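Here's the structure, in structure tokens; my notes come after.
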Amino acid sequence: MKGEALKIIEEVLAQGRTAMVEYEAKQVLKAYGLPVPEEKLAKTLDEALKYAEEIGYPVAMKLMSPQILHKSDAKVVMLNIKSPEELKKKWEEIHENARKYRPDAEIFGVLIAPMLKPGREVIIGVTEDPQFGHAIMFGLGGIFVEILKDVTFRIIPITEKDARKMITEIKAYPILAGARGEEPADIEAIVDMLLKVSKLVDDLKDYIKEMDLNPVFVYRKGEGAVVVDARIILKG
């Protein structure tokens, strides 16, 4: 767990970087048993075609570059690619968009990912307070975080009881619990993720400055959750 994650962190720091690309961040999460999609990093078009075939169409493509952390601004995320022909076209387009956005961008490759079925969007974040150390944050994604600031915080490490309270304390909890005849979300999967993030950060507190799992798709009770996008900033 820790050894595997540390190896990735040390490689990033050795390159003089503190911002991990999404692929690296997800590898760290995966080392701690967090649910990430079955994605593969393609360095060539041939690899991209091979991985898309293995994963099964439709797929998503995301260009990985340490200079392009806001991928949607740079138009380097392509969704719902349905065929090899379309993938070839999008491969050219995604690289062209990256060059326009940051001509000096170093490109690590393109992440080929399955198209995920949408779930309830939640966000899990970590920040470091100079006085109290690392804190973990939880809330519903989108408007709830951005506009309503409906989030809860706890100092790391957290207990299972803390994780459950973090979830029930948000104002939007009824949405997760299954208000108005909606199917309840998989609360146990969220509890598990909060505990695993807490353990990860507690183990690696000397290295991690902040972390953002946004969005996380949470499915119906018993169906789990998956980290759709992730960002980790390391201490320099």
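The backbone N, Cα and C atoms fix where each Cβ goes, glycine too.
Swiss-Prot has this to say about the protein:
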BINDING   A52, E53, E54, I55, G56, Y57, P58, V59, A60, M61, K62, L63  ATP binding site
DOMAIN    26-62  domain 'ATP-grasp'
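Here the domain 'ATP-grasp' (26-62) has Cβ contacts under 8 Å with residues 1-2, 4-5, 8-9, 20, 71, 76-84, 87-88, 90-91, 94, 108-116, 189, 193, 196-197, 199-200, 213, 224-228, 230, 232 of the same chain, all six or more residues outside its ends. Within the same chain, the residues at least 6 positions away from P58 (ATP binding site) whose Cβ sits under 8 Å from its Cβ are N80, I81, K82, M115, listed in sequence order.
Confidence for the domain 'ATP-grasp' (26-62), expressed as mean pLDDT, is 98.
Close to E54 (ATP binding site) in the fold, though at least 6 residues off in sequence, lie K40, each with a CB less than 8 Å from its CB. For A52 (ATP binding site), the count of additional Cβ atoms within 10 Å of its Cβ stands at 25 [all protein chains shown]. Of the listed binding-site residues, namely G56, A60, K62, the sparsest CB environment within 10 A is found at G56.
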